[in-house]
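To start, the structure under review is shown below, and the notes come after it.
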Amino acid sequence: MSLCLCSDPGGVRLVGQPSRCAGTVEIQHQGHWRPVGDHFKDWDLKSGSAVCHHLDCGSAVSVNTTDDSTDRPVWFVSVPCVKLTSGLRDCVGLDDSYHEKSAVAVVCSDLLPQPNISLSDGVFEVYQQGFRVLVGSDFTVTCSVRPQYPGGSFQLISNTKKRLNLTLPAVNHSAHFLLSAMGYAHRGNYTCVYHVDVYNRSFSSSQSPALYLTVGDLVTNLIIRVVVLVSALLIFDLCLFFFY
């Protein structure tokens with residue numbers, strides 16, 4: 001499990017966890033990145049949410065303090081200032097001589113990345129709006145997510161006439177949903193949601209981009225292809241006739 005060290009242009013970041021939306025709060029001030037100390041234990045969900053909003057990570061679901069074995073330089077941030085302004089770095093104290101063993105750690109609600117969705121087995125045609133599959137065929141919808149946390153599960157949801165709401169455990173950060181006997185009732189949009197329990201909480205990702213499936217009849221498609229081919233040959237013959 002890799003640790004995320006993601007800085008943002010605003011000089012605020014969360015470090016030390018697999019997700020960019022969880023970890024120890026660090027602020028860049030006077031040219032230095034340092035953790036934020038919490039000597040007076042006054043950081044709460046509202047001030048933590050200011051960090052999450054700044055990083056586009058939703059709101060805070062937990063705010064704690066981490067303990068290190070030795071003192072280290074930290075910034076002290078005015079919590080009342082944080083609650084009144086989005087300029088987090090404007091709330092850093094002017095004195096840079098503070099040393100603390102503890103630092104502020106925040107977990108944000110948008111902890112999980114958006115999952116991906118793809119289609120395999122049974123694809124008859126790819127077109128601009130999505131995929132076409134044949135009536136009666138089997139197909140597999142795959143949900144996957146960027147590796148961050150082990151385990152979890154994927155939920156496959158559709159807005160089709162025959163609605164689906166299926167759940168499979170995540171294996172190697174993905175799940176494969178085999179859907180059999182494709183029919184016209186399967187036509188519509190499919191999306192994935194990833195769920196995982198971490199930090200003693202349950203988190204759910206946003207929905208994946210929609211995957212649109214439509215149904216193609218094999219006979220109908222063959223007729224269309226034959227008509228197109230015959231038309232092309234006729235046009236070619238006419239061109240040769242006028243040319244000569």
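A Cβ is built for glycine as well, from the same backbone N, Cα and C atoms used for every other residue.
Where the annotation comes from TrEMBL, it is an automatic prediction and has not been curated.
As recorded in TrEMBL:
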DISULFID  Cys81-Cys91  disulfide bond
DOMAIN    12-109  domain 'SRCR'
TRANSMEM  222-243  transmembrane segment
By a simple count, how many Cβ atoms lie within 10 Å of the Cβ of Cys81 (disulfide bond), its own Cβ left out?
16
State the count of C-beta atoms found within 10 angstroms of the C-beta of Cys91 (disulfide bond), not counting that atom itself.
21
When the domain 'SRCR' (12-109) is classified with DSSP, how many of its residues are helical, how many are strand and how many are coil?
20 helix, 48 strand, 30 coil
Average pLDDT across the domain 'SRCR' (12-109), rounded to a whole number
89
